[in-house]
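Enquirer: The structure under discussion is supplied below as structure tokens; questions concerning it will follow.
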Amino acid sequence: MTGRDEYYNRAKQEGYRTRSAYKLQQIDADAGVFGPGNTVIDLGAAPGGWLQVAAEAVGPSGTVIGVDFQRIRDLESDIVDTIRGDMTDESTKNALRKRVNNSSVNVVLSDMAPNMTGEYSVDHARSVHLARQAFSVATDILPAGGDFIVKVFDGRDLADFRQDVDTEFEYVKSIRPDASRDSSSEQYLVGKHRITAPVSPGDELDATVVDIGSEGDGIIKIDGYTLFVPGVENGDSVRVRVTDLKSNVGFAEVIE
């Protein structure tokens, strides 16, 4: 039995709409994306296999919203909702924001793939274009700490796209699930812990130490964002260089 037949048959037997449902399960097992009560947005969600997996993962206290220009047949889950529209249209984004109802989004998913031409370079470029569209939506609606999963085909434009994702998240990992077909060049980039800091690594700025943390490092506040700086005292006015950023805090060093 081929891998394709195995996952296809399992999906039929276990009630999943697509064999790709197992890809998301395997990605979550590797990267630890979902948690109970999470709010999840699935872009290009038709026919709904990933919606099913996400709903199971977040449980009855969670919310899962699928967006697609195709109609998504209703699922037997009270926590799943769908929006029919183009995810790049502002009207669709507004409908999504309204449906989320000001709750924090925890995860944005995209398993979108282009219509295949058979020309590898063309198919790769189109897949990166779709991935960038999903990335744009994710950076628009994900708060600090949120996660992003996106499918993309391997090729020359992948490194630049991955670098762009890396600037918005604490780290990025590439996953190729066992459920992917052997003939496919697909992989999934997982951006973990969205960063929304008002500064970037390498930035230099003048600031005042407003407090001392539990580990003895000074605390600087930049538009509400915390930077830890070693070797300073409370009240010091210093010039610092940002060295590293996390979703909620960053680190800097004094410039001598």
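Quick reminder: no glycine exception, Cβ is built from N, Cα and C everywhere.
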Enquirer: Same S-adenosyl-L-methionine site as G48, W50, D68, D86 according to Swiss-Prot: which of D111, D123, D140?
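Expert: The record-listed residue among the candidates is D111.
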Enquirer: In whole Å, how far does the CA atom of K151 (active site, proton acceptor) lie from that of G48 (S-adenosyl-L-methionine binding site)?
Expert: 16
